[in-house]
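Summarising the annotation, TrEMBL assigns domain 'G-protein coupled receptors family 1 profile' to 42-293. Here TrEMBL flags 24-49, 61-79, 99-121, 142-164, 198-222, 234-253, 273-295 as transmembrane segment.
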Amino acid sequence: MQSFNTSLSTPDFFLNGFIGLEVYFLWLSIAYIVIFSFACAVNITLICVVKLEQNLHTPMYIFLCVLAVIDIGGCVSTIPKILQITIFNDRAISFHVCFLQMFFVLFLSAMESGVLAVMAYDRYVAICNPLRYTSILTPATITKILLVVFLRCIVLTGMFPVLASRLPYCLSTDVPQCYCDHIPVARLSCADITLNNIYGLCVAFLVVGMDLMYISFTYIMIIRAVLKLASKTARVKAFSTCGPHFTVILYIYTSSLLTYLINRFGQNQSQQLVVITTTLYLILPSILNPVIYAARNKEIREGFIKLFLKKTTHSIK
């Protein structure tokens, strides 16, 4: 169904990413409810574990908590509207809410990239300069680093809804996605979107590109330092501390690149494939991040077990 707006007033948009999948709406809604519940539960539990365990009050786990908050925010900014579509078949989203969602989706994605870069620096200091780890990554330094990342993301991603909202939407208002993303929405405009495309490419380079280059350089330095260690046991232990972080990086940046290419050049691909791919990119990290770190980190596993046993004991009493 196509909807058109012939005036210059602010239109409602219609998120038509799930068109053609109506027969699966029941199963999709169940799947998204399970994903939302599980993602919020494991990330909140992770934050509680880090807060309650004194031995986890270190920079690495603080950054991990920030990542958990970002993952929760990613779910909250997208899944409720997806459930509104799959349960009530309500595809409409108001003009201002659409651009608000656009901002949060892009801001949280940029924050996740920035925090992963900061976590790479944390691993570099822990492995290459362990004796000065606590003196380098002090609470004040951590706060300043996260503030810089936050401000960078606010400034760069805040321009996306500004640029897109100033466009005249006098043609179709059917967004071929299940959430408001910058380029899919901008393409609905009857004006030239060259500026939007150029700005999107610049931000992609300044955020994802620069972060990925920094992470790559950091891991090269880490690998060089680890290979110089005399003990094989020490080398294995050093590599194991980077394993969860490297796994998360590999998934997030691979899926980010795939999603970016699909949004830019995948107009001729199956709409359902595009929607499923981009949605999974937004949602799956919120589940995978805490699971990967819990599976590969002994302290977090023990914290989860202690918290679970404590709750079980209280419930029995």
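Note: Cβ is positioned from N, Cα and C throughout, glycine not excepted.
Sequence-remote contacts of a segment are chain residues at least 6 beyond its ends whose Cβ falls under 8 Å from one of its Cβ atoms, and for the transmembrane segment (198-222) they are 110, 113-114, 116-117, 120-121, 123-124, 127-128, 152-153, 156-157, 159-160, 163, 182-183, 238, 242, 246, 249, 253, 256, 260. Long-range contacts of the transmembrane segment (99-121) within the same chain, counting only residues at least 6 positions beyond its ends with a Cβ under 8 Å from a Cβ of the stretch, are 60, 63-64, 66-67, 70-71, 73-74, 77-78, 81, 93, 145-146, 149-150, 152-154, 156-158, 160-161, 164-165, 179-182, 185, 203, 207-208, 211-212, 214-215, 218-219, 245, 248-249, 252-253, 256, 282, 285. By the Cβ criterion (under 8 Å, sequence separation of 6 or more), the transmembrane segment (24-49) is not in contact with the transmembrane segment (234-253), since fewer than 3 such pairs are found. Under the criterion of 3 or more C-beta pairs below 8 Å, with sequence separation of 6 or more, the transmembrane segment (61-79) and the transmembrane segment (273-295) qualify as touching. For the domain 'G-protein coupled receptors family 1 profile' (42-293), the model's average pLDDT works out to 87.
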